[in-house]
């Protein structure tokens with residue numbers, strides 16, 4: 001009798017683990033039927049429920065989310081966001097979190113996808129590669145423009161090279177250049 005009880009105790013958790021998916025879906029139908037879904041929600045963003053059948057409202061950045069609740073509006077984070085646990089519980093004892101942006105280099109639902117862009121920066125929702133033209137050098141400009149010609153050349157901050165001779169000439173004629181303020 002003890003062996004039957006022990007076997008039952010060991011098999012029940014194994015059965016429950018097999019029933020739960022990575023998405024924590026509960027009571028999912030064998031086949032999705034869109035007629036079983038609630039009417040289409042009117043919200044800013046929607047995501048598929050944990051079963052992958054029906055669209056539900058998604059929580060936005062900074063809003064409360066639940067990782068283990070399925071089929072309820074506003075409980076899952078939208079694309080490009082993930083549910084960051086906040087070590088708190090609601091009145092029912094369910095753990096909740098706050099929707100936060102995906103870390104750089106990841107995108108999609110729950111930030112599961114990896115960005116394959118050359119720059120490593122992609123849209124957190126879609127994964128589309130982002131380009132920042134103000135960080136890219138123009139191809140038509142001379143490549144030696146950004147190289148210092150001598151070891152005493154300086155930069156003025158506007159992309160122009162300031163030679164040591166020019167600084168010495170300005171310092172000799174300008175009384176302002178002779179007086180330096182002590183740093184605080």
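Glycine is no exception: its Cβ is also placed from the backbone N, Cα and C atoms.
Quick look at what Swiss-Prot annotates:
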- 28-51: disulfide bond (DISULFID)
- 32-53: disulfide bond (DISULFID)
- 37-54: disulfide bond (DISULFID)
- 43-57: disulfide bond (DISULFID)
- 65-83: disulfide bond (DISULFID)
- 77-99: disulfide bond (DISULFID)
- 24-102: domain 'IGFBP N-terminal' (DOMAIN)
- 156: O-linked glycosylation site (CARBOHYD)
- 1-19: signal peptide (SIGNAL)
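Locations of recorded Swiss-Prot features on the structure.
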{"residue": "28", "record": "disulfide bond", "Cβ within 10 Å": "17"}
{"residue": "32", "record": "disulfide bond", "Cβ within 10 Å": "14"}
{"residue": "37", "record": "disulfide bond", "Cβ within 10 Å": "15"}
{"residue": "43", "record": "disulfide bond", "Cβ within 10 Å": "15"}
{"residue": "53", "record": "disulfide bond", "Cβ within 10 Å": "18"}
{"residue": "57", "record": "disulfide bond", "Cβ within 10 Å": "18"}
{"residue": "65", "record": "disulfide bond", "Cβ within 10 Å": "24"}
{"residue": "77", "record": "disulfide bond", "Cβ within 10 Å": "30"}
{"residue": "83", "record": "disulfide bond", "Cβ within 10 Å": "23"}
{"residue": "99", "record": "disulfide bond", "Cβ within 10 Å": "20"}
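Across the structure, residue 77 (disulfide bond) and residue 83 (disulfide bond) place their CA atoms 6 angstrom apart.
Following the DSSP three-state reduction, the secondary structure of residue 83 (disulfide bond) is strand. Distance from the CA of residue 43 (disulfide bond) to the CA of residue 37 (disulfide bond) is 16 Å. Each residue of the domain 'IGFBP N-terminal' (24-102) gets a DSSP state, and the totals for helix, strand and coil are 3 helix, 28 strand, 48 coil. Each of the disulfide-bonded residues 51, 54 was assessed for Cβ neighbours inside 10 Å, and the highest tally belongs to 54. Of all the disulfide-bonded residues in the list 28, 32, 65, 99, the shortest Cα-Cα distance to residue 54 (disulfide bond) is found for 32. Note on the domain 'IGFBP N-terminal' (24-102): mean pLDDT across this stretch is 79. Distance noted between the C-alpha atoms of residue 99 (disulfide bond) and residue 65 (disulfide bond) is 6 Å.
Taking CA atoms as the reference points, residue 51 (disulfide bond) and residue 32 (disulfide bond) are 8 Å apart. Residue pair residue 83 (disulfide bond) / residue 53 (disulfide bond) shows a Cα separation of 21 Å. The separation of residue 53 (disulfide bond) from residue 65 (disulfide bond), Cα to Cα, is 20 Å. Ranking the disulfide-bonded residues 28, 32, 53 by the distance of their Cα atoms from the Cα of residue 43 (disulfide bond) places 53 first.
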